[in-house]
Amino acid sequence: MCIDLIRFELQQAAQILNQFMSDDKNLDPVRQAAFLLVDAFKAGKKVISCGNGGSHCDAMHFAEELTGRYRENRPGYPAIAISDVSHISCVGNDFGYEHVFSRYVDSVGCEGDVLFALSTSGNSKNIIKAIQSARQKKMKVIILTGQMGGAMSNLADVKICVPHQGYADRIQEIHIKIIHILILLIEQKMDINNESLTFLKEEGHV
């Protein structure tokens, strides 16, 4: 019984992943997002990431593997996840939860920076407000979303969307894989002397 359930869950996850990667229209925005981030880093700019719930954890995961390490040793890249509990509780209490991300973007965002905004529905009000603040700051915006992209669908420079209408966890499972691929692509473009990346170049994957 348990084994059957485990197998079913893995099969369903694999099916949704296969559906996503079978259409180049889903994959090309990942490439676009990586190039946009590389351009920002090379220009001395930073990325600010944000999300709610599981997407909040993904936003933190994205930032820590940029500032810290993914697979290879290399210089850290400037990334901040909006995850300071004191900031979130202060702004949530004094201004309302809808402002917890936008207030941070207003405070530290600069022209040319990138906002990496995650929402499985595309309708999170606090994420939309963060995007609006980023636009006012003349920042670039990448969204990582699901379903049909929601209300934020037309607010981004790059929209990466997992077009799945079911449970949010299935969307998030693909989101974390996209995040890892983004970091790999960034490393390829930022660190061309890395031996493993040189191998990828020789194999025609870069």
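Note that Cβ sites are derived from N, Cα and C of the backbone, with glycine treated the same way.
Pulled from Swiss-Prot:
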DOMAIN    37-195  domain 'SIS'
BINDING   Asn52, Gly53, Gly54, Glu65, Asn93, Asp94, Ser119, Thr120, Ser121, Ser124, Gln172  substrate binding site
BINDING   His61, Glu65, Gln172, His180  Zn(2+) binding site
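Note: the Cα of His180 (Zn(2+) binding site) and the Cα of Gly54 (substrate binding site) are spaced 16 Å from each other. For Asn52 (substrate binding site), the Cβ neighbour count at a 10 Å cut-off comes to 19, with all displayed protein chains included. Summarising the environment of Glu65 (Zn(2+) binding site), the number of other Cβ atoms within 10 Å of its Cβ, over all protein chains shown, is 20. Note: the Cα of His61 (Zn(2+) binding site) and the Cα of Gly54 (substrate binding site) are spaced 10 Å from each other. Long-range Cβ contacts of Ser119 (substrate binding site) within its own chain (separation 6+, distance under 8 Å): Gly51, Asn52, Ser55, Ile127, Ile143, Leu144, Thr145, Gly146, Gly150, Met152.
Straight-line distance linking the Cα atoms of Asn93 (substrate binding site) and Glu65 (Zn(2+) binding site), rounded to a whole number, equals 30 Å. Between the alpha carbons (Cα) of Gly54 (substrate binding site) and Glu65 (Zn(2+) binding site) lies a span of roughly 17 Å.
With respect to their backbone Cα atoms, Ser121 (substrate binding site) and Glu65 (Zn(2+) binding site) stand 24 Å from each other.
Shown are the binding-site residues His61, His180; the one with the most C-beta atoms within 10 angstroms of its own C-beta is His61. Cα spacing between Gln172 (substrate binding site) and Glu65 (Zn(2+) binding site): 17 Å, rounded to the nearest whole number. Annotation note: Ser119 (substrate binding site) sits in a strand segment as assigned by DSSP. DSSP gives Asn52 (substrate binding site) a coil state; it is part of no helix or strand.
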